[in-house]
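Features reported for this protein in Swiss-Prot:
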- 185: FMN phosphoryl threonine (MOD_RES)
- 18-38: transmembrane segment (TRANSMEM)
- 42-62: transmembrane segment (TRANSMEM)
- 87-107: transmembrane segment (TRANSMEM)
- 121-141: transmembrane segment (TRANSMEM)
- 212-232: transmembrane segment (TRANSMEM)
- 241-261: transmembrane segment (TRANSMEM)
- 264-284: transmembrane segment (TRANSMEM)
- 298-318: transmembrane segment (TRANSMEM)
- 320-340: transmembrane segment (TRANSMEM)
């Protein structure tokens, strides 16, 4: 008979099952994104997942690690999925391949693999692509109700691999809405228009007519919110990070909007547009690169929320989730150091 030593804990959940649950929780948001922006989103996800699995398998083989066993943890699958849904649906195929390979090989495996990476791999891949190819990374189609030329599955496939539809239209022509005006994401559109128009006039534009967060985008964010609530219910993630993230972002947006409503976006636009809910529930909560203490998670999430608001308002990019997460990842060792819970019976030491 063997006697086990303490601590006596029991957890039936494996890394594989948690990763799979997170992947399943992404489905509502992916469905909404596919409905409003076409099949390109699904194609990007498929390309990213295939690249992630192949890149991870190749590195594991070179490191003489058990390839099939390690691939079964589903972490590469999740990294590819998160990066795939973050890219514009009709971005060239080589971009998603390059970004995913960089995320897996450099941002994850170079540090030792799962559990060793200090930065979120998917966001590292995204930022590398955004800095290297800013035009392609901001070339989103208009949402379905505003599309001048709806794009089917075959045209999406052709555009991703050749740059043109079967009728010869390129991405710039597909970006033109039904009103003949080239469309952008709500955050990008708001940021650009604010240079010459007041907020009230901007919110009268077609992309905002179905809601303050922009046509389609509020439904995508609601989809990821639903998936995030599922993760909280199943206790796959801690509540501290998403709650503090959203409260900090909403607080900054609300204060600025109340002080200068003609110059700042309303809180609803910040909360339900861009990658807000995806970032709050699926990216910032990465257990490897996030803070590990309860107070640390609150600080970590709030820091991301504040940084997202600062980048969106004062930065050069319309959405700042990826940069905010990576900047907060840098602060994790410091946050964890100063938020370690005090051991019962011991006083906090001073050095």
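Note that Cβ sites are derived from N, Cα and C of the backbone, with glycine treated the same way.
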Intrachain residues whose Cβ lies under 8 Å of the transmembrane segment (18-38), provided they are six or more past its termini: 45, 73-75, 77-78, 81-82, 85, 89-90, 140-141, 143-144, 150-153, 156, 215-217, 219-224, 226-228, 230-231, 234, 236, 277-278, 281-282
The residue listed as 'FMN phosphoryl threonine' - helix vs strand vs coil (DSSP): coil
Chain residues in Cβ proximity to the transmembrane segment (121-141) (below 8 Å; excluding those fewer than six residues from its ends, i.e. six or more beyond): 37-38, 40, 79, 82-83, 86-92, 95, 98-100, 102-104, 106-108, 147, 151, 171-172, 174-175, 183-185, 188, 283, 317-318, 321-323, 325-326
Contact check, the transmembrane segment (298-318) vs the transmembrane segment (241-261), 3+ Cβ pairs under 8 Å, seq sep 6+: yes
For residue 185 (FMN phosphoryl threonine), the number of other Cβ atoms found within 10 Å of its own Cβ: 22
Within-chain partners of the transmembrane segment (241-261) [C-beta distance under 8 Å, separation at least 6 from its ends]: 199, 228, 232, 267, 269-271, 276, 279-281, 284-285, 290-291, 297-306, 308-310, 313
